[in-house]
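Undergrad: Marked as domain 'PX' by Swiss-Prot on the basis of sequence analysis: 4-125. For 156-215, the entry in Swiss-Prot reads domain 'SH3 1', with the evidence type sequence analysis. Taken from Swiss-Prot, the feature domain 'SH3 2' covers 226-285, and the record attributes it to sequence analysis. What Swiss-Prot records for 291-390 is region 'Disordered'. Look at Swiss-Prot and you will find Ser304, Ser321, Ser329, Ser346 tagged as phosphoserine, backed by similarity to another entry. Marked as compositional bias 'Basic and acidic residues' by Swiss-Prot: 374-383.
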Amino acid sequence: MGDTFIRHIALLGFEKRFIPSQHYVYMFLVKWQDLSEKVVYRKFTEIYEFHKMLKEMFPIEAGEIHTENRVIPHLPAPRWFDGQRAAESRQGTLTEYFNGLMGLPVKISRCPHLLDFFKVRPDDLKLPTDSQAKKPETYLVPKDGKNNVADITGPIILQTYRAIADYEKSSGTEMTVATGDVVDVVEKSESGWWFCQMKTKRGWVPASYLEPLDSPDEAEDPDPNYAGEPYVTIKAYAAVEEDEMSLSEGEAIEVIHKLLDGWWVVRKGDITGYFPSMYLQKAGEEITQAQRQIRGRGAPPRRSTIRNAQSIHQRSRKRLSQDTYRRNSVRFLQQRRRPGRPGPLSTDGTKDNPSTPRVKPQPAVPPRPSSDLILHRCTESTKRKLTSAV
């Protein structure tokens, strides 16, 4: 797995789901070595199967050979009929279990089995749709409660943002915010939907409705990459604003600027424009996984379309115009298409190689003088020798 490892794990709570049948899943916030934070959902039966496999991989540390050598914590088996009370009471057990695992030597705490278990799966990104008859019920661990044992491996510092306008949720997985509300951002999804918490509420909020407290600019926005990354559209989109781009499904484009609000700058030929990142998939990857992610949720609104936005900052956000993107993009493409400039040439027309030692040139050989010139300029002795030789 290289240098990949998990820094922290926090238990956020659990969900009661009804599709395909009633069951419970636990919500974990996982912080990786690159400081990225992801929310994953796992059933207790999955966690227990993970535990059994871990014991098989490390029988000595599991106490299978000698009980006194056991360091892997105990995890009780699931019951036949688990209800909401059992799901709630089990949160403390899970916290202690993963707290114990993360404190073990790296051969266990960073083993591929543990890392793979907490990797984001397609189902973790598949949010319930409004068409579902009964939506999941979320039960959160109190943020400041006395029995808050959700923090498994240490504090996870969440970034704080402020809402610049009222946003009314349109589904059960979103969260309503009012102008001036301060929220903690749990996860920044590339789609432009951020998972936030405010007191005992959690849900998805469009990133365009949020601003940092210390600056109007998003410090984590990367710089443009005019070399471009190849992507494919997995859903058609018709431009609404002048600086957006209309594309059909299945078109190949290049992404030149990935912005955290979920509206990326893409390039098609020499044309650039904004396009929803939710409708893009990296070229060469399975499209079916990305299509699962966009079901039941549309592209987030752009900040330019928000009415009555009220920022606490005096200056507005710094944004490049599409004219600037196009101009810089065209300049980059022209330089890329231009053949390489020849290096300095030597007198014989060949390129000089700086790594090759230079040889001093030999002096030029003068042309041989003619016989008449020799007879005219030579001495009498030389004339007699030349005359006798003829």
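Just so you know, glycine gets a Cβ as well, placed from its N, Cα and C.
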Undergrad: What's the most sparsely packed of the modified residues Ser321, Ser329, counting other C-beta atoms within 10 A?
TA: Ser321
Undergrad: By a simple count, how many Cβ atoms lie within 10 Å of the Cβ of Ser304 (phosphoserine), its own Cβ left out?
TA: 12
Undergrad: C-alpha of Ser329 (phosphoserine) to C-alpha of Ser321 (phosphoserine): distance in Å?
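TA: Rounded to the nearest whole number, the Cα-Cα distance is 12 Å.
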Undergrad: Could you pull the average pLDDT for the domain 'PX' (4-125)?
TA: 89
Undergrad: Looking only at the domain 'SH3 2' (226-285), how are its residues distributed among DSSP helix, strand and coil?
TA: 3 helix, 29 strand, 28 coil
Undergrad: Taking the Cα atoms as reference points, how far is Ser304 (phosphoserine) from Ser321 (phosphoserine) in Å?
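TA: Taking the Cα atoms only, Ser304 (phosphoserine) lies 13 Å from Ser321 (phosphoserine).
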Undergrad: What are the DSSP helix/strand/coil residue counts across the domain 'SH3 1' (156-215)?
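TA: Helix/strand/coil tally for the domain 'SH3 1' (156-215): 3 helix, 30 strand, 27 coil.
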Undergrad: In three-state terms from DSSP, label Ser329 (phosphoserine) for me.
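TA: Reduced to three states, the DSSP call for Ser329 (phosphoserine) is helix.
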Undergrad: Through the lens of DSSP with three states only, how would you label Ser321 (phosphoserine)?
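TA: Where Ser321 (phosphoserine) sits, the three-state DSSP reduction gives coil.
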